[in-house]
Amino acid sequence: MNNEFINFDRISRENWKDLHQQSQALLTEKELESIKSLNDNINIQDVIDIYLPLINLIQIYKRSQENLSFSKAIFLKKENYQRPFIIGISGSVAVGKSTTSRLLQLLISRTFKDSHVELVTTDGFLYPNEKLIQNGILNRKGFPESYDMESLLNFLDTIKNGITAKIPIYSHEIYDIVPNQLQTIETPDFLILEGINVFQNQQNHRLYMNDYFDFSIYIDAENKQIEEWYLQRFNSLLQLAEADPSNYYHKFTQIPPHKAMELAKDIWKTINLVNLEKYIEPTRNRADFIIHKGKHHKIDEIYLKK
């Protein structure tokens, strides 16, 4: 961390957890186990120490959003209607975005009773493999040009204006958009949008996804640490795919394990690390809230925008 974070308060885990005194985690160990991603070591103590204070902070931002919306409606002499509260979550592959997103979805739904909380990943806005192949950029999958950013922005605008939207579904098992299937998002009270690209600028530099976010989170760690988690996850995915020929990762189980891991290291070095350093990490200071992880996914520091 450097002067890039001059506009952030740096808060240790010990100081952060003292900002919230509740000792009940709002979920059980079994529920936490069911939502955490492969090789993510999050535990109930992390929920109490990190995520319950974060929920309190989100409540503050939510009240601020409601007050501003109400005041603007009075000023403009327009009818006030409740817009969804949109949370953007970004970070590298394998850093734990999905676990954080699913956990927040559960905690928000239990904190804001009767609220409709939707979770969407930007994977659904990747171009189908067929189009990536046609454009000669299948090896750039995950990079900015592999996403249909216009459709993603249109989706956010639709949701922000209280209109039901239908979006594509991505499957990690087939490594592609699922044909002829759509996810329906019906006017949520909260929308969590998770993906590596949620803070990135658009090519025309006229529209910015951040403009639609009421709160934003970046999950950070040292790059060598993320590489270790990526390789651990790759190995776990191979184990899951071993008996399933339809799984994208099954083909990697047909070569010697050391060759598969060499391939994974090459994918990390030539694709994921390049994407992280060039396109993902430079956007982290656009977040309102940065979660920094050390070894074993242990959250050691928080950065909160001033």
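The chain as shown is numbered from 1 upward.
Every residue, even glycine, has its Cβ placed from backbone N, Cα and C.
Source: prediction; values computed, not measured.
Listed in Swiss-Prot:
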BINDING   GLY91, SER92, VAL93, ALA94, VAL95, GLY96, LYS97, SER98  ATP binding site
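Neighbour counts were taken at the CB atom with a 10 A radius for the binding-site residues GLY91, GLY96; the maximum falls on GLY91. Annotation for LYS97 (ATP binding site): same-chain Cβ neighbours under 8 Å, separated by at least 6 residues, are ILE89, SER90, GLY91, GLU194, GLY195, ILE196, ILE219.
For the binding-site residues listed here (SER92, SER98), the lowest count of other CB atoms within 10 A around the CB belongs to SER98.
The residues near the ATP site, meaning same-chain residues not in GLY91, SER92, VAL93, ALA94, VAL95, GLY96, LYS97, SER98 whose C-beta sits within 8 angstroms of the mean position of the site's C-beta atoms, are ILE196, ILE219, ILE226, TRP229, in sequence order.
Listed binding-site residues: VAL93, ALA94, VAL95. The one with the lowest count of other Cβ atoms within 10 Å of its Cβ is VAL93. In the three-state DSSP assignment, the secondary structure recorded for LYS97 (ATP binding site) is helix.
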